[in-house]
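Encoded as structure tokens, the structure appears first; notes follow it.
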Amino acid sequence: MPELPEVEVTRLSFAERIAGARIEAVLVGKPLRWPLGCETQQLQGQRVLAVRRRGKYLLLDLSEGLLLMHLGMSGSVSFGLNLPVTGKHDHFDMVTSLGTLRLHDPRRFGAVVYASGEDDAVAKKLLGRLGVEPLSDAFDALVFHQWLKGRKTAIKPLLLAGQAVVGVGNIYASEALFLAGIRPTTKASLISKPRAARLHRAIQDVLTNAVAKGGSTLRDFSNADGEAGHFQLDAMVYDRAGLPCRVCAAPIKSIRQGQRSSFYCATCQKP
């Protein structure tokens, strides 16, 4: 599933090129997770003012309203002047004066939704409960620690839930916990203030590094230019069960938490 770094990498790969483009046509294929929410003709003639990101959503600011795009489990975006003929898994094309923006989504858990603004009920429903942005000043270490103190849940699933901080997916939660020296099974309420500060910093460092490396291509992710990510190649623990820890050489362990795999080093990461 594309997480925050993949969505940010996607945004960076086409945001400047589409800014100012006039929408000429919108073509919708098979139904996605949610309906578009407007007639395609309503979008024609509008201009794309900017592309932002909130959590794992791309927000395309239009001259009237905005489009919220989610990549779902397997989605990716392409943008260009000469895209191939629409394929089986291409479900949304927005043809503009500067190129075509296309959503490719084999599993169709993604979506493109129109809202009249961020105060629109549709936008509030999708964005209203998201945690703070981890790469923004709003992600405060002291507030983060206070939030953890009131939770007795294991820290790894808590990070994935996205209520305290948004966009920390499975690979990035595993890597951040390793960097902070905290086991994924540690109860959040038991994490001390200094350890919470280390985890806060680790989350930011891991996500920043992931964006710089183009995200992670675990299956089929690519940015709007078709380029794969490389963060996964340097992972310290993720998907390395049984392999030696890159720091201490102890074998990396793997456990199931909920329906997700967690990877950790029992030597470097303490309960």
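Placement of Cβ uses the backbone N, Cα and C atoms for every residue, glycine included.
Quantities reported herein were computed from a predicted structural model and do not represent experimental measurements.
For reference, Swiss-Prot has these:
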ACT_SITE  PRO2  active site, schiff-base intermediate with DNA
ACT_SITE  GLU3  active site, proton donor
ACT_SITE  LYS56  active site, proton donor
ACT_SITE  ARG260  active site, proton donor
BINDING   HIS89, ARG107, ARG151  DNA binding site
ZN_FING   236-270  zinc finger
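Distribution of Swiss-Prot features across the structure.
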residue: PRO2; record: active site, schiff-base intermediate with DNA; CB count, 10 Å: 27
residue: GLU3; record: active site, proton donor; CB count, 10 Å: 24
residue: LYS56; record: active site, proton donor; CB count, 10 Å: 22
residue: HIS89; record: DNA binding site; CB count, 10 Å: 16
residue: ARG107; record: DNA binding site; CB count, 10 Å: 12
residue: ARG151; record: DNA binding site; CB count, 10 Å: 16
residue: ARG260; record: active site, proton donor; CB count, 10 Å: 15
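Using a 10 angstroms CA-CA radius around GLU3 (active site, proton donor), the recorded positions that qualify from LYS56, HIS89, ARG107 are LYS56. Here the candidates are the recorded positions LYS56, HIS89, ARG107, ARG151, ARG260. The one whose C-alpha lies nearest to that of the residue listed as 'active site, schiff-base intermediate with DNA' is LYS56. Cα spacing between ARG260 (active site, proton donor) and ARG107 (DNA binding site): 19 Å, rounded to the nearest whole number. HIS89 (DNA binding site) sits 21 Å from LYS56 (active site, proton donor), taking the Cα positions as reference. Across the zinc finger (236-270), the DSSP tally of helix, strand and coil residues reads 0 helix, 13 strand, 22 coil. Binding-site extent for DNA: residues HIS89, ARG107, ARG151, maximum pairwise Cα distance 41 Å (rounded to the nearest whole number).
Here the CA atom of LYS56 (active site, proton donor) lies 24 Å from the CA atom of ARG151 (DNA binding site).
On the backbone, the CA of LYS56 (active site, proton donor) and the CA of ARG107 (DNA binding site) stand 17 Å apart.
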